[in-house]
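Below is one structure, written out as structure tokens, with a few remarks after it.
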Amino acid sequence: MPRRLLFASRLDEAALAALALCFPGLAVLLPLGVVPLVLVVTLAAVAAELLSGVPLSRPPRSIVLAGLAFAAWALLSAAWAIDPPWSLEIWARIVPTVAAGGFLLLHAARQPPERRRRLAGWLLAGFALAVAIMAVEGLTDRSINLFLARLVDQAPEGGYKLNRLNRGATALAILAWPAAGALAARLPARLRRGVLLLPLATTLLLFGYASDSAILGCAAGVVAALLALPWPRPTRRTILVGLALALLVMPLVAKGLSDLGLSSDPQLPFSFRHRVFIWNFTAEETARRPLHGWGLDASRELAKGAPRFDATHGALPLHPHNAALQVWVELGAVGLLLGGALLLLVLARMRRGPPLAAALDAGMVVSFLTIGLGAFGIWQYHWLVVPLTAAALMHMTAGQEIGAQPRRDPETSES
């Protein structure tokens, strides 16, 4: 075998193994560290494909066109944004990060079957390490973070800024699905459906952390996976149709929840009451510029001078805590339609079978969507990287390929 091909194969597997082992731990311990890791692994993957002489991984034309249209509209929105330089900076961060994650997903799906089992072992080790880190952090009041804070000469309380357990919890809720897929790849066929116990166990573990979004997301994913096992195609269609409807009517839902008085009902959890208040304010601001919005990542500027929820909580703290509402208020109906079309085109490539593969995809997608509609700002690039990388980890360790054909491993093929 030519040395060039052998080097490409080893570089590729080493980079993906490093991703599988390190990504889960970084996602729960130092979330901002996942972006550099993904970028480095993506560069290694590009180099491996170029050295191998295979065509570069690329998505279907429909996804490329939808992505370019959405990116162009987001860039154009800086012209009318409240803070144009900030909008341009956010755009410059997001686009290459998402492009790298998308390439990594396509590249991961091309891994040869004999390599998948080895990568599955690395992913299982990485997920186990992430669970151990979360357990130690929870039981010792984030002792690892405080130790790391001292290493970089921050005040001890600064360690809390390095990691918040809710970020780690949401990462576990999503990464439980590729970990389950990796486990299935290493089990006999008769035992594989039992891997759904892993996301269920993760849901129970998350009750020990203050992240309602993570608990709800993981639990919703388990329900979707259980439905997709016997009914993969109807479940997939329901997810896509439900998502499309949710994107379109979210401002009306936000207004309706507020009209019911849910933002002031003392019997409801504080976090939910505050969310309803935030969502209603966002819907009102959306109505002021329904077509083109206020500009990319303008949410942080909209709440200045707005009524406060209470003495310490504003009407819109940095972002609406709802991905659909954030796109509505910042990019308007045009951005919502373009972004929604892109998301639906990507999710339409969820696996239709075999049943377990479809169930794992459905569970991961529903977990991500549930968390995205109730937690992080959509333009937090360390958050965007988590579902993209989780999908890549899923498809490089188990299941059918999506969007590409697998190739033979040069190290095990004939010269």
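A Cβ is built for glycine as well, from the same backbone N, Cα and C atoms used for every other residue.
The feature transmembrane segment, as given by TrEMBL for the ranges 191-208, 389-406, sits at 191-208. Looking up the ranges 17-36, 37-56 in TrEMBL, the one annotated as transmembrane segment turns out to be 37-56. With DSSP classes pooled into helix, strand and coil, the tally for the domain 'O-antigen ligase-related' (201-338) is 90 helix, 0 strand, 48 coil. Ranked by the number of CB pairs under 8 Å to the transmembrane segment (165-184), the listed stretches 63-82, 191-208, 214-231, 327-348 are led by 191-208.
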